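Database features, via TrEMBL:
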TRANSMEM  20-42  transmembrane segment
DOMAIN    79-296  domain 'ABC transmembrane type-1'
TRANSMEM  83-104  transmembrane segment
TRANSMEM  125-149  transmembrane segment
TRANSMEM  169-194  transmembrane segment
TRANSMEM  215-235  transmembrane segment
TRANSMEM  275-300  transmembrane segment
Amino acid sequence: MPRRSLIYRFATQWQLQFMALCGILFVLTFHYAPMFGIVIAFKQADYSVNLLRSLTEAPWIGLEHFREFIDDYMFRDILLNTVGLNLLQLLINFPAPIVFAILISEVAHGRFKKIVQSISYFPHFISWIVFGGIVINMLSVESGIVVPVLQGIGLMDEPINLLGEADAFWPIIILTSLIKGLGWGSIIYLAAITTIDPTLYEAATIDGAGRFRRIWHITLPSITGTIIVFFILSVSNLLNSSFDHIWVFQTPLNLDRSEVIDTFVYKVGITQMRYSYTTAVGLFKSVVALVLLVAGHLICKRVAGRGIF
């Protein structure tokens, strides 16, 4: 009977089952299958010979690659850049979609709400290469509009190549990330807000609660669970940077602030073909992410009484 029921559900819901199957195959192919290659993080593989033979016959060197990464003269800088950028994004870009979703939900004019939502979603569907090219042109000293505007309002005395200024790199990354992800990131919170019982707002209005108090005492507590889940996931990504986002704005002049772990792995792993070493770096990131995930869950469980497990 259970088998018949399973087959029946698959036959009657084949569209949903097919979508789920595609997702499962994607995860198995690109997330689980590569795990077998983690072994090279503990080997001194030679890729000038047959790859599979190198993986199976390469000598074990233990944690040597991990020690080399930690002892690297660039380790401190790239770690600080990675954590610093992600902390700023956590402080600024994480609450922004929540605020935006609440503001959108409070708009009564349906047509205006749809227009604002559509405009805010659009940047998400543009690749970082295209989006970055647009931003680079806007920041150009010769043809851009940002530098003249900053000069006009008195924030800049003379034209400056902002992409060549190391101190300007982080604000550029934070702002472009905010613009590109604000609307898309608000979708899940808008969905959570729509599940709130409207009678709660009606009762609060009758009791004399204003808009701000309705948001504070009804909307925010109702979406706290969603906020906590995404906060924990964001904390676990403190060592993960969007490679294409960083890479498109990185220049030799801002390298002191723009070199992060992901760009370091690309340069060492791809250009120098040190796959064992960069696999160890990737495994280091994964272990730290797991620790941060568990720590974030335990802290939220203790403070807010909710977690992801």
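Even glycines carry a Cβ here, placed using N, Cα and C.
Predicted automatically and left uncurated, TrEMBL annotations should be read as such.
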Any contact, the transmembrane segment (275-300) to the transmembrane segment (169-194), with at least 3 Cβ pairs under 8 A: no
The transmembrane segment (20-42) touching the transmembrane segment (169-194) per 3+ Cβ pairs under 8 Å rule: no
Remote residues contacting the transmembrane segment (215-235) - C-beta distance under 8 A, at least 6 residues beyond either end: 90, 94, 98, 102, 105-106, 188-189, 192-193, 195-196, 200-201, 204, 209, 292-293, 295-297, 300, 304, 306-308
